[in-house]
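Novice: What TrEMBL shows for this protein is this:
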COMPBIAS  27-36  compositional bias 'Pro residues'
DOMAIN    122-250  domain 'Yip1'
REGION    1-39  region 'Disordered'
TRANSMEM  141-159  transmembrane segment
TRANSMEM  171-193  transmembrane segment
TRANSMEM  233-250  transmembrane segment
Amino acid sequence: MAKQFNVPPVIFPSDGNPGVQQRRPSANPPTVPFQPPRSSNPGIPFMSFDIGSAVASTSFSTPQFASATIGGGGGSIGFEDEPPLLEELGINTKQIYQKTLSILNPFRIKPDLHEDGDLSGPFIFLMAFGLFQLLAGKIHFGIILGWVVMASMFLYVVFNMLAGRNGNLNLYRCVSLIGYCMLPIVILSALSLFLPGGLVIKVLTGVFVVWSTRVCTRLLVELASYGDEHRGLIAYACFLIYMLFSLLVIF
């Protein structure tokens, strides 16, 4: 079966020379290929823009910061004059140190240092107590924190019931005082790691419990109103609290 091919027509020139063939001109004129503009920089032929002008137009200047101040007006404070981070968080290390020294001397207690309650020092003492118990093979972190909360609520309720409407002991100060007066029990827990059990540790336990009871009772009586009238009952409540914590050391 023969196939038919589409052959473009051949036009012979007017001079009758059949050796030269010419095709019909196309209806659409030929398109000119795209040519990128020449670079103004002869060293980089593929760059189609002027580097100098681009850098000049997009130059970045060094940012100029204003003086770092906090607040407005004439009372602004610079970063150099800011208080330390611990002080901003309400942790006064100097005050914690002074309160610790006042607890260590049960015969020369300074109640004025404990007028402002804080929880930073008690938290450190409670964590140290739990750490010493952990070194002894006892995991009591949760028990210690739970007992401190319950003991604070117990002492708060007992004191305000005794003082009546005139009682001014708040729960925050109560937690702070109980936590700071835990320092003798913390020392007892550390000594129990090196002392043999038996009579020695029991005698030391009684001494340290009386130490904590005396300090806590003195602080409560001095800081809270109408506490001197019920000193014996307050001392008994404090004795029960610290005797309970000392049982964690003995057993």
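Glycine residues also receive a Cβ, built from the backbone N, Cα and C atoms like all the rest.
Where the annotation comes from TrEMBL, it is an automatic prediction and has not been curated.
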Novice: Are there residues at least 6 beyond the ends of the transmembrane segment (171-193) whose Cβ is under 8 Å from a Cβ of it, and what are they?
Specialist: 99-100, 103-104, 114, 117-119, 121-123, 125-126, 128-129, 132-133, 135-136, 148-149, 151-153, 155-156, 159, 201, 204-205, 208-209, 211-212, 215-216, 219-220, 223, 238, 241-242, 245-246, 248-249
Novice: Within the domain 'Yip1' (122-250), how many residues are helix, strand or coil going by DSSP?
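Specialist: For the domain 'Yip1' (122-250), the helix, strand and coil counts are 107 helix, 0 strand, 22 coil.
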Novice: Looking only at the domain 'Yip1' (122-250), what is the mean pLDDT?
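Specialist: Mean per-residue confidence for the domain 'Yip1' (122-250): 92 out of 100.
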